[in-house]
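Colleague: Here it is, the structure, as structure tokens.
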């Protein structure tokens, strides 16, 4: 027993040290938000002030970027979960195993490829002379190329693609834990597949769907690379805003205040989603 406790102490010690460094870094960054931009060679200076928070909360640009980040992340997350449901069900329940294996491999390859690779791949695919537009024009579906780049369309597609593996892998476990006998009972009583899915399967899956939604929403909020590459400066999310404050304007206090406001907003929105999820779960059960 003593040997086990000793091993636990040795394992906990490194984690505590790393945790202290993380807490110290966040504390320093948060503290700097209450000062003003310092002269060259220093990160912040001056007396205690709330001016940075005033600029973040009451400047039109910051408000629009924050609202668009929260709103777009939520919409993209809902779309991602909606796409992931049939994919997860096909992987688990397909009568032809090779179909599930093929989908799983496609999702795994997506998961293993780097973000930069994916961003520039979408940049090539979604361009006016990219494969998607050339194919649509060649098939006569459209007369002129659709403008996917430098707007929310391309950024949304890329972020959704990035989030899919997280959603699919989470929902696989949800689908595996479904009680098939309940669905079979509904079918035996005359319910159609569609009715069974919406009236039986979806309510049972709902808690797992909400967990998946919170997961992908949390990841989507921090999107930086895809708006940068595919947005072309016209689509901005809060991570891009913080980066510019930090490394373009070299205004650490302003960047810190932006980050703090964003974190509070993100946690509040995640709490709200969880609160609604619990209410829905109670209503369903």
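Cβ atoms here come from the backbone N, Cα and C positions, even for glycine.
Annotations for this protein, taken from TrEMBL, read as follows:
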TRANSMEM  12-31  transmembrane segment
TRANSMEM  65-85  transmembrane segment
DOMAIN    66-273  domain 'ABC transmembrane type-1'
TRANSMEM  97-116  transmembrane segment
TRANSMEM  122-142  transmembrane segment
TRANSMEM  149-172  transmembrane segment
TRANSMEM  204-231  transmembrane segment
TRANSMEM  252-277  transmembrane segment
Colleague: Can you find at least 3 Cβ pairs under 8 Å between the transmembrane segment (97-116) and the transmembrane segment (149-172), where each pair is 6 or more residues apart in sequence?
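Modeller: Yes, the transmembrane segment (97-116) contacts the transmembrane segment (149-172).
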Colleague: Determine which recorded stretch among 12-31, 65-85, 122-142, 204-231, 252-277 has the most C-beta pairs below 8 angstroms with the transmembrane segment (149-172).
Modeller: 204-231
Colleague: For the transmembrane segment (65-85), give me same-chain residues lying six or more residues beyond its boundaries with a C-beta closer than 8 angstroms to one of its C-beta atoms, as numbers and ranges.
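Modeller: Distal contacts: 152, 155-156, 159-160, 163-164, 167-168, 171, 205, 209, 212-213, 216-217, 220-221, 223, 236-238, 241, 261-262, 265-266, 269.
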Colleague: Other than its close neighbours in sequence, what residues sit by the transmembrane segment (12-31), given a CB gap under 8 Å and a spacing of at least six beyond its ends?
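Modeller: For the transmembrane segment (12-31), the nonlocal Cβ contacts are 252, 256, 259-260.
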Colleague: Could you give the residue numbers and ranges of same-chain residues that sit at least 6 residues beyond the transmembrane segment (252-277) on either side and whose C-beta is under 8 angstroms from one of its C-beta atoms?
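Modeller: Residues 29-30, 32-38, 43-44, 52-53, 55-57, 62, 66, 69-70, 74, 206-207, 210-211, 213-214, 217-218, 221, 238, 241-242, 245-246.
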